[in-house]
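Lifted from TrEMBL, the feature list:
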- Ala11, Glu32, Leu40, Val76, Trp366, Gly373, Val374, Ile375: FAD binding site (BINDING)
- His147, Gly148, Asn149, Val150, Arg191, Arg192, Glu203, Gly373: NADP(+) binding site (BINDING)
- 2-158: domain 'FAD/NAD(P)-binding' (DOMAIN)
Amino acid sequence: PRVCVVGSGPAGFYTAQHILKHHAGARVDIYEKLPVPFGLVRFGVAPDHPEVKNVINAFTQTARSERCAYYGNVTVGKDVTVAELRQAYHAVVLSYGAEDNRVLGIPGENLSGVYSARAFVGWYNGLPENQDLKPDLSCETALILGHGNVALDVARILLSPLHLLRKTDITDSSLAALACSKVKRVWLAGRRGPLQVAFTIKELREMINLPGARPVLNPADFTGLENAIKDAPRPRKRLTELMIKTALEKPGEKTVEVQAVVAQAAAPREWGLKFQRSPQEVLPTTDGRRARGVRMALTRLEGSGDSAKAVPTGDVEELECGLVLSSIGYQSRPLDPAVPFDTQRGVIPNSSGRVEGVPGLYCSGWVKRGPTGVIITTMNDSFDTAQSVLEDLQVGVLDVSASREGFGAVESILGSRGVRPVSFSDWEKIDAAEVARGKAAGKPREKIVDPQEMLQLIGR
């Protein structure tokens, strides 16, 4: 059987890995829009979290298998259609992730100084489409809208001491911009309360212990919460306890976290969490061009736990800030008119990865279940889709007796459209060049951010 996977992030690679491992004859071709593979592992994971990128080693093993091939620089839906892929392969798996961000939908969202966290992360991680972002970091106060791990990543990068960032694979140009940054205060605001934050304890602890930055948590936000979390699941309980401890403990009580707080009392930078605030409008400067603050509706919670809803109370407050980053979630886009898409939920309608109404078409990762979870969640989800493909092969839902040409058919289509794919060994040349450039600067790599430069490097 010939299987095609669209997207070379964790969802695509884990799907390919599982199929290759459990079917001794299957061949898997992976298509990727960019010349370079690995999706959000390369462009989403924070530069100061190198250990999370270790999965790239396993993905590289998969790509080097003689039954697997990688074709970068191919945009499915434009260079080749999904219908054409379905003609060429027995099964097609869409694993192209969430390429967009959710919008706030409020007045002033398009003012200068307002960015999506997705674009900001793409900028410091070298995502080609965000290389020209040039965020304005000339203000003292930044406001991040959202209480997830991406929001904490962005806050940490804004406040990290430069000597820590210099040792990472953060791009050269964003490092230079951060070196000139005037930002010294970062607020993270969410519509709901401390019990509904979406970030995890590891990221929170890292933020609390960030050198040179002190946490500013309002004790009033946490009073009475000890009782509320008695029966909460353990991860939620530990996370809330850490916030309570950081907000309430007095200097003198010598836990490691509190020693950090004492050491940071004189810190030049600060960050804090604001709860039950929903953005209503980004307020413009007098010339009407730039952001100078955000008007927030104060909310109250209806219901409890994860299902609690934030309802405006009618009260508002204004928060002054010159930089606004919206971190309210990523969003998938429809890839091709031939593929059903649920615009409400931003996913391809499916059952265990089988796309509804289109036999032989599958999906995995964020485009399958929405943009939530970490790499391990995506791994399990992709194995689930791969299992559906393997079952359909076994019971004959996918007719393998009909021979399919696979890349042979696609290659001639791409050739007729003037598209030349990038192979995995091409990528390894780009990789080697990045590592060499990084070595000179004492970094793990210096990412090349311009696709044209990548193609020149491999002799295109």
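Using N, Cα and C of the backbone, Cβ positions are placed for all residues, glycine too.
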Rounded Cα-Cα span from His147 (NADP(+) binding site) to Ala11 (FAD binding site), Å: 24
Annotated NADP(+) contacts His147, Gly148, Asn149, Val150, Arg191, Arg192, Glu203, Gly373, maximal Cα-Cα distance (Å, integer): 20
Greatest inter-residue Cα distance in Å for the FAD-binding set Ala11, Glu32, Leu40, Val76, Trp366, Gly373, Val374, Ile375: 25
Cβ packing number for Gly148 (NADP(+) binding site), 10 Å threshold: 20
Under 8 Å by Cβ from Val150 (NADP(+) binding site), counting only residues of that chain that are 6 or more apart: Ala117, Arg118, Val121, Ser327
The one of Ala11, Leu40, Val76, Val374, Ile375 whose CB sees the fewest other CB atoms within 10 Å, among these binding-site residues: Val374
Listed binding-site residues (Glu32, Glu203), ranked by Cβ neighbours within 10 Å, top entry: Glu32
Among His147, Gly148, Arg191, Glu203, which are recorded as binding-site residues, the nearest neighbour of Glu32 (FAD binding site) by Cα: Gly148
Local Cβ density at Arg191 (NADP(+) binding site) - other Cβ atoms counted within 10 Å: 23
Per-residue pLDDT averaged over the domain 'FAD/NAD(P)-binding' (2-158), given as an integer: 97
Under 8 Å by Cβ from Trp366 (FAD binding site), counting only residues of that chain that are 6 or more apart: Ala11, Gly97, Ala98, Tyr330, Ser332, Thr372, Thr378
Nearest of the binding-site residues (Val76, Gly373, Val374, Ile375) to Arg191 (NADP(+) binding site), judged by Cα-Cα distance: Gly373
Nonlocal residues around His147 (NADP(+) binding site), in sequence order (Cβ under 8 Å, 6 or more apart): Leu188, Ala189, Gly190, Arg192, Gln196, Val197, Ala198, Phe199, Leu273
Inter-residue C-alpha distance, Gly148 (NADP(+) binding site) and Val374 (FAD binding site) (nearest angstrom): 12
